[in-house]
Amino acid sequence: MRLPRPAALGLLSLLLLLLPAPEAAKKPTPCQRCRGLVDKFNQGLVDTAKKNFGGGNTAWEEKTLSKYESSEIRLLEILEGLCESSDFECNQMLEAQEEHLEAWWLQLKNEYPDLFEWFCVKTLKLCCSPGTYGPDCLACQGGSQRPCSGNGHCSGDGSRQGDGSCRCHVGYQGPLCTDCMDGYFSSLRNETHSVCTACDESCKTCSGPTNRDCGECEVGWVLDEGACVDVDECAAETPPCSAAQFCKNANGSYTCEECDSSCVGCTGEGPGNCKECIPGYAKEHGQCADVDECSLAEKACVRKNENCYNTPGSYVCVCPDGFEETEDACVPPAEAEATEESPTQLPAHEDL
């Protein structure tokens, strides 16, 4: 049954509503919106840096109307370019805070040259200075100059959010990110800096960069004469791969690769490494090659007039075009026609 067009469209709309909605894009925080506004303002300063009033007599205009670089006209040009017309939140913030920006531009920018610090941190209290976090802009773990010892990220850094704890970079751990994780060793440690460097790949723990500095070998390596060396899993008494695969050793591991399609078991890649060949193939010059059954002394296709065609690993028997196929022969067209046209011989009747 076909639904009427309006009913079908209504059903489609209902199905679309029932589908799980894609995850909404994460909204920017008030601090991020403020920082974005300041970034656009600073870009506006760059874009208008070489402009003037544009009236033709720049010297007179700057003497009479004040310099363009600090004029309200320049401020207006910058403000007009801060928000896209469709960006409601940006326009809302600009409308609410335009007087603050104007006051900074006309009276305070010489005293507070960092607009972000004055506008977002001190005036609106939406952000914190770098290295501080939370409602009271407290110093991050490790201090505001080098939070987390320079080896991690402070939760809430530069915002009025977070708890100031450290999320360490790869290789580091501890409350201040000064300790090394397993797989890393301390290559520099003093009162102000801690540097962790990766161990050799064979080490789970180490005190230096080589495989002789391992405290414990990583899985897939074993200690041999003071150094961690790779275990060749492929040389194990019980092979780790199936009968239709061959083993390739790798540092600390191994992979199982499929044998060539012509092999029954193999020791490596390609038809030259087969242990035995599948039916229809035979060893030739050291590798499994297709047997051409059609060229053997013993005929593969035994019916009269039949053609033999070799295929990979096998062969097919086919009658020539126009020949009629019977159980024991391929009958030529002339013979087939003659058979059809010959009347059936009836037995002679005896005279009564």
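Backbone N, Cα and C define each Cβ position, glycine as well.
Ranges compared are 33-52, 193-212, 333-352, and TrEMBL records region 'Disordered' for 333-352. Matching TrEMBL disulfide entries to the candidates Cys168, Cys180 identifies the partner of Cys177 as Cys168.
Each of the disulfide-bonded residues Cys168, Cys177 was ranked by the number of other C-beta atoms within 10 Å, and first place falls to Cys177.
Long-range contacts of the domain 'EGF-like' (290-331) within its own chain (CB-CB distance under 8 A, at least 6 residues past either end) are made by residues 262, 278-282, 339.
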